[in-house]
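Q: Take a look at this one; I'll ask things after.
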Amino acid sequence: MIHLYVVRHGQTVLNQLGRMQGWVDSFLTKQGREQAIATGQALKNKQFVLVCSSDLRRAQDTAELISQQLIHQPALRRSFPEFREVNFGGLDATKIKPMWQEITDDTPYHGLNDILARADFEKVREIMQDHDPLHTAESNEDVLARWQRGVKLINNTVESANNTDANVLLVSHGTFIRTIAEHYGAKVAGNDHAPKNGSVTIFDIDGDQASLKSYNQQL
């Protein structure tokens, strides 16, 4: 059994500017670094066999700052592209509020949280794909498939180190975490249910099966 602690990276420059941030990257702000350090302090007594992140710099930097706070240093460190943020295609780096107003204008919905309240992330991804000028935005199926591939990589990494019951720390991204949490039954509609920077979501992983234990916890 793997106990997977999934942390959203610290605040970034694009977060601060209120812009979409998918595969486009930006640096952690001072507040973002402080959030990462605070999360690390809250987790410092946990013994993680593996600390990993997506391959985006903001996640890697957050993972490093958290690791520096841990009393027990992990034997393994990895970065996996499978845990990147959702790809928003040509809508990446656009202003969040105007973008959602524009792409839901010809739908029955009024912005992201209204879609999540009345439908789900599958509908969110469909609407974004329909309005993506580059036609490269991911589907919900794409995102969930990446998650499954990533879980397999974590399993293989932990098993290769002969650990059968282990804590693993993963630093990932807000929409990615929110999508996976919804898939496992979490309530994700509304700003209060969006993962906060530095928040922790916990899954238990048993082979290829996962269960959600807690979501968007501020430690």
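Every residue gets a Cβ built from N, Cα and C, even glycine.
All TrEMBL annotations are machine predictions without curation.
These numbers come from a predicted model, not from an experiment.
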Q: So TrEMBL lists ARG8, HIS9, GLY10, GLN11, THR12, VAL13, LEU14, ASN15 for substrate; which of ARG58, ARG77 goes with them?
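A: TrEMBL lists ARG8, HIS9, GLY10, GLN11, THR12, VAL13, LEU14, ASN15 binding substrate, and from ARG58, ARG77 it also lists ARG58.
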Q: Given the recorded substrate site (ARG8, HIS9, GLY10, GLN11, THR12, VAL13, LEU14, ASN15, ARG58), which additional residues of the same chain have their Cβ within 8 Å of the Cβ centre, ordered by sequence?
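A: My list of surrounding residues reads GLN16, GLN21, SER26, LEU28, THR29, GLY32, ASN197.
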Q: Should ARG8 (substrate binding site) be counted as helix, strand, or coil on the basis of DSSP?
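A: Note: ARG8 (substrate binding site) is in a strand by DSSP.
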Q: If you pair up every Cα among ARG8, HIS9, GLY10, GLN11, THR12, VAL13, LEU14, ASN15, ARG58, the residues annotated as binding substrate, what's the maximum separation in angstrom, rounded to an integer?
A: 15
Q: Would you find the one among the recorded positions ARG8, HIS9, ARG58 whose Cβ has the most company, meaning other Cβ atoms within 10 Å?
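A: By the 10 Å Cβ neighbour count, HIS9 comes out on top.
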Q: Please determine which of the recorded positions listed here (GLY10, THR12, LEU14, GLU85) has the lowest count of neighbouring CB atoms within 10 Å.
A: LEU14
